[in-house]
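The structure under discussion is supplied below as structure tokens; questions concerning it will follow.
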Amino acid sequence: MYEYLNGQVAMVTPTYIVLDVNGVGYRIAVANPYAYEVDQQTAVRVYVYQAVKEDSLTLFGFSDPNEKQLFEKLLGVSGIGPKSALAILANPDHQALIQAIGDNDVNYLTKFPGIGKKTAARIVVELQDKVDALWPDLTLDFTVKPTSAAQSPALADALAALASLGYAERDIKRVEKQLLKEPDQPTAEYLRAGLRLLNK
């Protein structure tokens, strides 16, 4: 059972990264792949969760142990699978998520793809007394390297990532109009901004 992997990011896609660890490429699904756009010579640590099925083994990656622990807690809620849990974690404001659970804010939780009112209510009931310990330390600490890529490819990558997280095409198109007002941003920034707009 792996706790974390240290290596260089060899590839970034809208749904996963490939981490080169001593010449072996590990495909790791992460909430925000473009946050890992760093120099390929830079070593990064990715905390991992292994989902084992009869016919597959999937690695899910996280920026720190708290993010991984929150993912595991979400998986423990009936009706929450890895894709839904990852979509929830794609919102960079994890403290707002914890606050919503603590405040019994079901409406906030239903903004995430695949989360209806019944599932949101289960999240609150099952996690309300478990997330307080994570609150003091739960922060994102991604180091994002600015990119010189043209606006259109970066925005297209961000929109593709939103689609892969399960957001509806009509919602993505609505967000795209807002993002077009901010030209020349790296993909990670477009993705963060898009997630903020989608979860307003």
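Glycine residues also receive a Cβ, built from the backbone N, Cα and C atoms like all the rest.
In TrEMBL, annotation is done automatically, which means it is predicted and not curated.
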Would you mind telling me which of 72-84, 111-123, 137-149 TrEMBL tags as region 'Flexible linker'?
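Based on what TrEMBL states, region 'Flexible linker' spans 137-149.
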Which whole number is the mean pLDDT over the domain 'Helix-hairpin-helix DNA-binding motif class 1' (72-91)?
90
